[in-house]
Amino acid sequence: MTESERQMREKLKGKKRIVIKIGSSSLTHPETGELNLYKIEKLVRIICDLKGEGRDVVLVSSGAIAAGRQALGGQKRPTTISEKQAYAAVGQARLMMVYQRLFSEYNSIAAQVLMTKDTMTNDASRYNAQNTFDELLNLGAVPIVNENDTVSTHEIQFGDNDRLSAVVSALIGADLLILLSDIDGLYTDDPRKNPDAKFVSFIPEINEELMGMGKDSSGSDVGTGGMTAKLVAARIATDSGCDMVIANASDVMVIHDIVNGEPRGSLFLAHPNLDFDLMDYMNSKY
Ligand SMILES: Nc1ncnc2c1ncn2[C@@H]1O[C@H](COP(=O)(O)OP(=O)(O)O)[C@@H](O)[C@H]1O
Ligand SMILES: N[C@@H](CCC(=O)OP(=O)(O)O)C(=O)O
């Protein structure tokens with residue numbers, strides 16, 4: 001690790017408002033598609049501990065479609081948009097039931113926040129969402145965010161929750177975004193396809209060469225977006241002044257290591273772009 005990376009990782013200890021995103025592939029058992037309750041329980045415990053340290057935490061959790069698929073006894077991945085929406089409607093309720101129960105075991109409150117692109121592009125809705133986040137964090141609750149899949153197909157059609165988590169980070173002024181994935185972080189190429197791909201642990205600045213490293217192939221049967229979506233998220237987060245780490249969700253204790261400055265995952269440094277305007281971004285590129 002270079003001295004500059006070490007210094008920047010050390011600064012992660014002081015992060016006060018953290019957004020954590022966990023993908024469907026990390027929340028479910030690959031063999032059966034069932035929710036991985038042990039992992040979710042550990043994740044909840046770590047989040048409660050971060051709160052105990054005086055930090056605000058927001059969780060962006062995918063998994064509604066995967067949980068619905070399993071609840072409905074479905075064996076195959078849903079293909080049509082309406083099928084995905086119906087699975088998500090069943091699964092979102094199930095997912096929240098699990099989170100509510102686990103957070104209450106640690107004397108914490110989980111709150112559901114479902115968003116769409118319109119939440120961000122409409123001034124009144126964006127303002128309302130921002131106020132709700134602030135109020136929930138003041139109350140000590142943990143907002144659990146997902147796309148409102150039943151009324152919007154933007155994410156499940158075009159992307160994934162990676163960008164949503166970056167947009168939420170920008171909206172609430174988070175200082176750290178942690179994307180938990182099925183892989184250790186960014187490699188120079190998709191390591192599942194290119195055995196010569198090298199791990200990249202520190203990204204002080206995102207350029208076009210780096211954007212080209214991310215391929216949109218997903219590593220699992222339930223994930224979407226691949227590394228491309230995570231790099232787009234990194235652009236939004238770092239432009240808005242938020243550091244971002246991609247790390248492996250195989251052991252969620254990695255969150256604890258990251259906020260203790262240990263060299264885990266790929267760290268993308270914030271470089272606040274004074275021209276960055278979340279509204280412009282949502283209207284033009286999202
Ligand atoms: N340059 C890269 N570095 C790392 N992973 C990559 C890269 N390009 C493509 N990928 C693929 O992206 C996958 C992670 O994306 P995805 O499956 O959408 O994650 P998740 O469901 O965990 O959010 C990896 O498993 C890997 O196969
Ligand atoms: N809103 C959908 C999101 C699906 C999605 O983006 O999944 P992932 O690629 O695992 O982040 C769900 O909850 O199933």
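Any Cβ shown, glycine's included, is placed from N, Cα and C.
All annotation found in TrEMBL is predicted automatically rather than curated by experts.
Feature annotation from TrEMBL assigns domain 'Aspartate/glutamate/uridylate kinase' to 16-248. According to TrEMBL, the ATP binding site annotation covers Lys21, Ser181, Asp182. For Ser62, Asp149, Asn161, the entry in TrEMBL reads substrate binding site.
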Got a sec? Which of Lys21, Ser62, Asp149, Asn161, Ser181, Asp182, the binding-site residues, have CB under 6 Å of any ligand 1 atom? Ser181, Asp182
Around ligand 2, within a Cβ distance of under 6 Å, which of the binding-site residues Asp149, Asn161, Ser181, Asp182 show up? Asp149, Asn161
Ser181 (ATP binding site) and Asp149 (substrate binding site), Cα-Cα, nearest whole angstrom: 21
Which of the binding-site residues Lys21, Ser181, Asp182 has its Cα closest in space to the Cα of Asn161 (substrate binding site)? Lys21
Rounded Cα distance in angstrom between Lys21 (ATP binding site) and Ser62 (substrate binding site) is 8
So how many other Cβ atoms are close to Asn161 (substrate binding site), meaning within 10 Å of its Cβ? 27
Using C-alpha atoms only, work out the spacing between Ser181 (ATP binding site) and Ser62 (substrate binding site) and round it to an integer in Å. 11
